[in-house]
Amino acid sequence: MILHIKQVIDTGTLSVIQDKLGSASFANGRESAGWAAQGVKDNEQLRAPHPLIELLLKRLQQHEMVQQAARPLQFVNTMINRYQPGQSYGTHMDDALMFARDSGVAISTRTDLSFTLGLTPLADYEGGELVIEDSSGERSWRIDAGDLLLYPSSFLHRVNPVSAGTRTAMVGWIESLLREPQQREICFDLFQSLQYEFNAHGKTSQFDQLSKTYNNLLRRWAKR
Ligand SMILES: O=C(O)CCC(=O)C(=O)O
Ligand SMILES: [Fe+2]
């Protein structure tokens, strides 16, 4: 399940972020790339801990659909990245295990989901598509400011070269309470049905039974 969730960040927060990022100092993106990805990663980045990342992360964590779709246990390695014209991030695989950078203790976190949260309006850059590959081929997304793309970390992916403007985004990884993509999709779908039933007919016996199944599956599968 790959989800494109629109308008995860309100326009007020976005304009504060865009304004403050203007004076932030970015480092070379290769610093945090895995050994094999270093050769294909050409961007700049701002890493945690940083107040702007904290603010955006808080908004993401409070978002109902993000909670339902990802069932996050932990967010790890969240950063803001930036691609200038000509910059790109070639095809790569995200590391399965990452270290929480500022925790002091080296405990690895499993990356079940990757996300990109757009920070630049579509009209302000060209190119810079996030392309995800699977056995059936490729699909690409241009991500608008405030929109989130949430995808399983198990896919090869790349960011095409930016041809004009600057593409800024927050990216990061999530360890989920539901490890398998299929478990997440089943729970997500059930929750949608549950909400639909409640909104259409109220707390019916059909709702109660769906709720029982949904909560018992979550209880069975959720693992920390
Ligand atoms: O900028 C993006 O949308 C994705 C970046 C990425 O794939 C990564 O940092 O591993
Ligand atoms: Fe990646």
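From the backbone N, Cα and C atoms, a Cβ is placed for every residue, glycine too.
TrEMBL entries are annotated by machine, without manual review.
These numbers come from a predicted model, not from an experiment.
As written in TrEMBL, here are the features:
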type    : residues             : note
DOMAIN  : 68-176               : domain 'Fe2OG dioxygenase'
BINDING : His92, Asp94, His157 : Fe cation binding site
BINDING : Arg167               : 2-oxoglutarate binding site
Report task. Tally every other Cβ atom lying within 10 Å of the Cβ atom of His92 (Fe cation binding site). Result -> 18
Query raised in the report: For Asp94 (Fe cation binding site), which DSSP three-state class applies?
Result: coil
Query raised in the report: Among the binding-site residues His157, Arg167, whose Cβ has the fewest other Cβ atoms within 10 Å?
Result: His157
Report task. Under 8 Å Cβ to Cβ from Asp94 (Fe cation binding site), same chain, six or more residues apart: give me those in sequence order, or none if nothing qualifies. Result -> Thr111, Ser114, Ser153, His157, Trp173
Query raised in the report: How long is the line from the C-alpha of His92 (Fe cation binding site) to the C-alpha of Arg167 (2-oxoglutarate binding site), rounded to the nearest angstrom?
Result: 19
Query raised in the report: If you take the centroid of the Cβ atoms of His92, Asp94, His157, the listed Fe cation site, which other residues of that chain have their Cβ within 8 Å of it?
Result: Ala37, Tyr89, Thr91, Met93, Ser114, Ser153, Phe155, Leu156, Arg158
Query raised in the report: For the domain 'Fe2OG dioxygenase' (68-176), what does DSSP give as the number of helix, strand and coil residues?
Result: 6 helix, 65 strand, 38 coil
